[in-house]
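Reading through the structure tokens given below for one structure.
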Amino acid sequence: MGYTKAEILKALKGENVKFLRLQITDILGVVKNVEVPESQFEKALDGEIMFDGSSIEGFTRIEESDMLLRPDYNTFVILPDLVEDPKRGRVARLICDVYYPDGRPFEGDPRYVLKRQIERLKKLGFDNLYAGPEPEFFLFLRTPEGLPTTETHDRAGYFDLAPIDKGEEARRDMVNALVAMGFEIEAAHHEVAPGQHEIDFKYADALTTADNIATFKWVVKRIALNHGLHATFLPKPIRGINGSGMHTHLSLFKDGENAFYDPNAEYQLSQTALHFIAGLLEHAAGMVAVTNPLVNSYKRLTPGYEAPTNIAWSASNRSAMIRIPARRGVGTRAELRMPDPSCNPYLALAVMAAAGADGIERKLLPPPPIQRNIYQMTVRERRKHKIRELPGTLREALEALRKDPVIREALGEHVYTHFLQAKQMEWDDYRVTVHQWELDRYLATY
């Protein structure tokens, strides 16, 4: 829903809102906010609130740190009581774009990075890129001191019901809070692993979807805290069970119609769809550092846990990196299965859009789809079908990112440089850390 400044001011007064939260994300996808009281509402809506960009990961140097927060009125929402206790004063939220004081958009703002790629697709003649995510998360118990543990709150499995699924009450509160904030929830259920959950919300244009993912993650964490639980979007918190992914369904629309659908083509997939899929395959290795950005991400991308490890596509096969769900017509889409929910949603959707756009611009075509279970294919069979492997570690993913000029250009030089620097430091720290596994394995023997 679109709002005007006058409508927002009226709603703030009518609902007795005391605080307005201005929200952004850093390049790592962590939500940040500046909160202003009633006296500053009009100034905030005029985009005149300044903040120190040098304090935000990947933003600016200290000598050029003044930044402006310009709110997107379409993201206005009054936070429900489940999220913020009204006894302390009602709170509203606006997601902001970041600008320099001279009025230029800040190239290090992840939201701006995504907007650039959306405009690229519009220049190719498309209405927009649409995305539907499936974010998974774990609910863990907390210690008496409030610290998170990796002890699951249940022993339930896929689609199980209470009382086996002890997270059902928390999950319902999450759904109620999200609905109150304008989400259209399609399904909520227990996932395969103990303590693992999924809440699916309706697809939307890419920018709205990125905003929704960022909002979803902090709402889920807040509601979990209300129930004495810790919600984590860490991809693989426990060895030996399924990790958490964020399968993302993608489609392009043109003149109000799904541009991926062609009723007369093989698989009923248009040339546009094939070009887009080919672009995703071409740049899979280069963009995985963005869609799967943690050291821990690559412990999920291993055989045997329903996560892809090979760069391939299929009309139905879930072992492939890209799957084409059965629905056609307006619902024709490509499901990208490797992303995980630790990613920055703006940057992740930006590189997906860039990869697809490159496929369309160069008229790339994918190899034949793989219908067999790729996990059961031999190395020779995979080579025969020209199936490449996804990077197996964050280090390999960063090397692939360095070699992909399309993904680099999509991120922009500022984000590319700061993201790469932060992730290289993360890998270096991990590499020199002595882990418990090493002590358990070697200490007594050597």
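Yeah, the Cβs are placed from backbone N, Cα and C, and that goes for glycine too.
The structure displayed is predicted, hence computed values, not measured ones.
Among the candidates Glu136, Glu145, Glu257, the one that Swiss-Prot lists alongside Glu191, Glu198 as binding Mg(2+) 2 is Glu136.
Swiss-Prot annotates His247, Glu335 as Mg(2+) 1-binding residues; of Glu107, Glu119, Glu134, Glu438, the candidate listed for that same site is Glu134.
L-glutamate binds Asn242, Gly243, Arg300, Glu306, Arg318 as Swiss-Prot records it, and from the list Arg222, Arg337, Arg362, Arg372 the residue named for this site is Arg337.
Residue counts for the domain 'GS beta-grasp' (15-103) by DSSP state, with H, G and I taken as helix and E and B as strand, are 20 helix, 38 strand, 31 coil. Within 10 Å (C-alpha to C-alpha) of Glu134 (Mg(2+) 1 binding site) lie the following binding-site residues from Glu191, Glu198, Gly243, Arg318: Glu198. Counting other Cβ atoms within 10 Å of each Cβ, the lowest count among the binding-site residues Glu134, Glu186, Glu198, Glu306, Glu335 belongs to Glu186. For the domain 'GS beta-grasp' (15-103), the model gives a mean pLDDT of 89. For Glu335 (Mg(2+) 1 binding site), the nearest neighbour among the listed binding-site residues (Glu136, Glu198, Ser251, Arg300, Glu306), judged by C-alpha distance, is Ser251.
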